[in-house]
Ligand SMILES: NC(=O)c1ccc[n+]([C@@H]2O[C@H](COP(=O)([O-])OP(=O)(O)OC[C@H]3O[C@@H](n4cnc5c(N)ncnc54)[C@H](OP(=O)(O)O)[C@@H]3O)[C@@H](O)[C@H]2O)c1
């Protein structure tokens, strides 16, 4: 007997991807329920070869649901995730609302799957920020090999990371530019079509943005609090797929050849690095794929034990939906879902 799974935010970018991934991976679910706000009640969404009718979150009873994949934004998570957890359903939360809570594990299965056991305090497990998820998948095996002292990362983040309205804004602005129409700006602070914006999430007092702060805090929580990290997060006019330029300083020497060998063997990573025209990965090619792709691995000769690489992944998959489903699989494989074990 399988599990009952609820997907909250099922009409959104991440929620739709969650439904696709559950179907693709033949997740052991007897029943999958699609939930969103009242606005979407009765709307239809695809789940494999089935069509699900969307139900309203605020009238749904979670008492016989085993797993809730929550992806409806921070405000909805703050209000609903603790309540759902109290009803005995394990919430895998995609927002940033609980990521820094000491009683909530923050998990990327390739990095810190063992920490998942801490979920029982609140029945909530947090999924990281999309740009951190792909980064730590690549950092983890390199940290084990040569101990990372410091990381400098610049991101090139697609508009889907800001939700479905942001994708529409890029599309509409691009069309308006070509048809000499009005370029309307709502979701982004500046025009995103044919532009790049060095600003994601709100500004903090120290001049960094919250997106940049999240990369620091989440890398420390999941990988190692001793790692120093500084980030510049930039929105680019790409629909799906985040790219990152990563510079690392290690405690011990690690050649590009050794790093390549380590990354080739690492779970969740694919190295595409031919040092010739087109011998690297771009977001366009990573969209719809599960891996974190690493290209352009080379020495940074300006510092001792320095390395540079280029990291690309589908932000809606490894950055959100895939990682959440992988966490649910860890719970099942490690037999940590008590309620379902009784039901099975
Ligand atoms: N996109 C990414 O790369 C990414 C990566 C990591 C984490 N996340 C996080 O995932 C969450 C969702 O992102 P998204 O990109 O999928 O956003 P989105 O495309 O804007 O979709 C938002 C979804 O949440 C639902 N929703 C909003 N308010 C709700 C409420 N009060 N009650 C129930 N449902 C509600 C919406 O339902 P209606 O259609 O009914 O409004 C919709 O299904 C956010 O917390 C985001 O930070 C996103």
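Quick reminder: no glycine exception, Cβ is built from N, Cα and C everywhere.
What TrEMBL annotates here:
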type     : residues                              : note
ACT_SITE : 130                                   : active site, acyl-thioester intermediate
ACT_SITE : 242                                   : active site, proton acceptor
BINDING  : 11, 12, 13, 14, 39, 40, 160, 161, 315 : NADP(+) binding site
BINDING  : 99                                    : phosphate binding site
DOMAIN   : 4-119                                 : domain 'Semialdehyde dehydrogenase NAD-binding'
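All protein chains shown were included, and the count of other CB atoms within 10 Å of the CB of residue 39 (NADP(+) binding site) stands at 9.
Between residue 13 (NADP(+) binding site) and the residue listed as 'phosphate binding site', the C-alpha separation comes to 20 Å. Of all the recorded positions in the record (11, 160, 242), the one with the smallest CA separation from residue 130 (active site, acyl-thioester intermediate) is 242. On the backbone, the CA of residue 11 (NADP(+) binding site) and the CA of residue 242 (active site, proton acceptor) stand 22 Å apart. Checking the recorded positions 39, 99, 242 against ligand 1 with a 6 Å cutoff on the Cβ atom leaves 39, in sequence order. With all protein chains in the displayed structure included, the most crowded Cβ environment within 10 Å among the binding-site residues 11, 315 is that of 315. The closest partner of the residue listed as 'phosphate binding site' among the recorded positions, by CA position, is 315; the full candidate set was 39, 160, 242, 315.
Under the three-state DSSP scheme, residue 11 (NADP(+) binding site) falls in the coil class.
Cα of residue 160 (NADP(+) binding site) to Cα of residue 242 (active site, proton acceptor): a distance of 9 Å. Cβ-based crowding with a 10 Å cutoff singles out 242 as the top-ranked of the recorded positions 99, 242. Using a 10 Å radius centred on the Cβ of residue 13 (NADP(+) binding site) and all shown protein chains, the other Cβ atoms total 23. Cβ neighbour count for residue 130 (active site, acyl-thioester intermediate) (all protein chains, 10 Å cutoff from its Cβ): 27. Residues 11, 12, 13, 14, 39, 40, 160, 161, 315 are listed as the NADP(+) binders, and the farthest two of them sit 26 Å apart at their Cα atoms.
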